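Here Swiss-Prot flags Lys112 as active site, N6-AMP-lysine intermediate. Marked as NAD(+) binding site by Swiss-Prot: Asp32, Ala33, Val34, Tyr35, Asp36, Ser81, Leu82, Arg133, Glu167, Lys306. The Zn(2+) binding site feature in Swiss-Prot is assigned to Cys400, Cys403, Cys416, Cys421; the stated evidence is sequence analysis. If you look up Swiss-Prot, you'll see 577-658 marked as domain 'BRCT', on the strength of sequence analysis.
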Amino acid sequence: MIKSQKEYLERIAYLNTLSHHYYNLDESIVSDAVYDELYQELKAYEEKNPNDIQANSPTQKVGATATNSFNKNPHLMRMWSLDDVFNQSELQAWLQRILKTYPSASFVCSPKLDGVSLNLLYQHGKLVSATTRGNGLEGELVTNNAKHIANIPHFIAYDGEIEIRGEVIISKEDFDALNKERLNANEPLFANPRNAASGSLRQLDSEITKKRKLQFIPWGVGKHSLNFLSFKECLDFIVSLGFSAIQYLNLNKNHQEIEENYHTLIREREGFFALLDGMVIVVNELNIQKELGYTQKSPKFACAYKFPALEKHTKIVGVINQVGRSGAITPVALLEPVEIAGAMINRATLHNYSEIEKKNIMLNDKVVVIRSGDVIPKIIKPLETYRDGSQQKIMRPKVCPICSHELLCEEIFTYCQNLNCPARLKESLIHFASKDALNIQGLGDKVIEQLFEEKLIVNALDLYALKLEDLMRLDKFKIKKAQNLLDAIQKSKNPPLWRLINALGIEHIGKGASKTLAKYGLNVLEKSEAEFLEMEGFGVEMVRSLVNFYASNQEFIRSLFELLNPKNSDMAEEKQESSSVFNNKTIVLTGTLSKPRQEYAQMLENLGAKITSSVSAKTDFLIVGENAGSKLALAKKHGVSVLNEEELLKRLKKLDQN
């Protein structure tokens with residue numbers, strides 16, 4: 001349960017990271033069930049606190065951002081995501097919202113295939129483009145690869161412009177054969193059929209896609225000029241053009257029929273040719289669909305009725321610890337192999353040591369393992385009645401399994417704070433160069449990856465020893481680009497002290513805390529625990545993190561400070577802040593703006609403003625976008641100055657000119 005706006009913003013960041021890995025990297029970090037639970041908690045918080053909703057929330061957007069591997073291509077009509085329902089009562093509530101106004105509505109029910117959504121554009125009967133869903137507005141152009149999918153027609157008997165949409169999948173049988181080939185060739189195995197389908201569709205070599213035996217199963221249309229009366233009629237038309245028909249498609253009239261259809265699919269799930277993770281329910285009558293419309297993310301006339309997670313019993317035979325990029329330690333259980341949904345499972349996440357203790361999970365326990373959404377397994381609970389005396393307590397590690405440094409143990413999470421830990425180095429450097437840290441132009445994720453691969457850097461100190469010939473070894477680097485990056489790295493020397501503190505990436509210490517620390521001078525990190533606790537806004541966890549971080553990285557920090565020679569203050573920034581109309585003002589942003597609220601918040605904070613989430617008599621300015629809601633009324637009640645986006649931009653521009 002999310003209890004504060006801080007937890008809400010952290011949840012958004014975490015879910016967006018999970019989505020990036022799932023959609024863009026073909027990598028599932030958590031199970032579908034865990035993601036769904038976290039997502040539903042986010043959604044519940046937003047329903048109770050609509051004024052806090054952020055534009056970058058996963059509830060406000062669809063799918064993924066297109067990567068750089070393929071050209072971006074816009075859809076003629078947006079591709080939407082579906083809202084999920086998880087049980088009979090949620091389905092009943094969803095149906096009632098529709099049937100209350102449209103009692104004659106019927107529903108098309110079909111299997112929800114776990115694959116990659118694809119949009120096919122036909123003009124004058126010819127396939128002209130194939131684009132992945134991406135963020136719903138644009139995706140990756142994969143036309144050449146799509147043409148190698150056997151059941152995608154290159155020509156259809158329809159002369160108008162039409163977008164035909166569906167799911168790219170690989171059958172269970174072909175998935176098993178593909179993984180056997182990869183095993184024999186000493187290549188890494190695909191985790192599941194969805195990852196295999198996604199990776200195969202996004203190959204730079206179309207010949208590889210051709211060998212993967214992908215299939216395209218249509219589920220709808222985008223832009224077209226046909227006059228269908230029903231969704232079922234639309235699907236029948238697609239099949240008449242030469243596309244594959246959807247198996248187990250039914251037209252249902254009420255809740256009882258839908259439930260019967262759903263449970264039939266669950267029974268048939270194991271023998272189905274491809275992996276399923278639910279049933280799609282769509283209002284059949286297109287006039288009702290039109291009247292129901294859409295939310296910001298999804299159609300109101302359709303939903304996905306998710307399948308219950310799959311469980312099996314097995315035994316924990318060992319535990320290993322993995323180190324994440326942030327330094328977080330994740331315990332992973334080694335299991336006696338067990339087959340779930342056609343996959344042999346021998347590992348499952350234990351999430352964190354707090355959860356192990358809470359669930360009383362022990363080594364040699366027989367446990368319930370769940371593989372929801374046919375993806376990553378996790379341990380639900382131990383079966384304590386099977387304990388035979390061989391069980392042992394799973395102990396929290398005291399040192400990092402990678403670098404052997406002492407770990408920071410908090411109530412829930414355990415962290416490696418050693419900046420030189422190989423598992424942390426890359427992410428630490430990405431943060432070091434970021435906009436809110438040293439802001440090194442041109443030093444992004446991909447460049448840092450290459451620098452590591454070429455063994456040119458190990459930590460931040462190595463950046464300042466790079467030479468022109470070093471950078472010329474990197475992909476797509478010529479003399480001008482290499483020199484520009486070297487200049488940017490050198491320019492980052494003599495930074496404001498707060499920027500260098502923030503660049504260190506200390507757990508719980510963000511931009512605001514870094515600015516507070518900078519007020520205490522260049523030796524601030526050497527202060528004692530008692531001295532830190534006296535600082536305004538510094539709690540026990542922040543202080544413990546600071547003290548432990550400095551203890552683990554003293555030599556590195558001293559060398560970095562000596563090399564970069566940070567300034568006690570940034571006169572340019574201070575001058576801009578003090579001359580700003582927003583300096584020391586409390587500001588609230590609300591409504592839909594042309595840029596993410598966080599971007600405006602960052603600009604205003606740089607001008608000395610304090611950004612809060614709620615309007616009160618102490619608020620100085622309310623910045624309003626479209627659909628400002630109750631905060632605007634409250635601002636007027638308290639006599640708060642209200643600026644629209646255009647007025648804000650004018651003031652910001654004027655400050656820039658000064």
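Placement of Cβ uses the backbone N, Cα and C atoms for every residue, glycine included.
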Is any of the recorded positions Lys112, Cys400, Cys416, Cys421 within 10 Å of Glu167 (NAD(+) binding site) (Cα-Cα), and if so, which, in sequence order? Lys112
Minimum Cβ neighbour count within 10 Å among the binding-site residues Cys400, Cys403, Cys416: which residue? Cys403
Do you know offhand how many angstrom separate Asp36 (NAD(+) binding site) and Lys112 (active site, N6-AMP-lysine intermediate) by C-alpha? 16
How many Å separate the Cα atoms of Cys416 (Zn(2+) binding site) and the residue listed as 'active site, N6-AMP-lysine intermediate'? 41
When DSSP is mapped onto helix/strand/coil, what comes out for Lys112 (active site, N6-AMP-lysine intermediate)? strand
Roughly how many Å separate the Cα of Cys421 (Zn(2+) binding site) from that of Leu82 (NAD(+) binding site), to the nearest whole number? 41
So if I measure Cβ to Cβ from Lys112 (active site, N6-AMP-lysine intermediate) and keep only same-chain residues at least 6 apart in sequence, which ones fall under 8 Å? Leu276, Asp277, Gly278, Met279, Val280, Ala304, Tyr305, Lys306
Pairwise Cα distance for Cys403 (Zn(2+) binding site)/Leu82 (NAD(+) binding site) [Å, integer]: 44
Is it possible to list how many residues within the domain 'BRCT' (577-658) are helical, extended or coil according to DSSP? 34 helix, 18 strand, 30 coil
How many Å lie between the Cα of Leu82 (NAD(+) binding site) and the Cα of Cys400 (Zn(2+) binding site)? 41
Please average pLDDT over the domain 'BRCT' (577-658) for the predicted structure. 79
From the centroid of the CB atoms of Cys400, Cys403, Cys416, Cys421, the recorded Zn(2+) site, which same-chain residues not already listed sit within 8 A by their CB, in sequence order? Val323, Gly327, Val399, Pro401, Ile402, Ser404, His405, Leu407, Gln417, Asn418, Pro422, Ala423, Arg424
Coarse DSSP state, helix versus strand versus coil, of Glu167 (NAD(+) binding site): strand
Asp36 (NAD(+) binding site) - helix vs strand vs coil (DSSP): helix
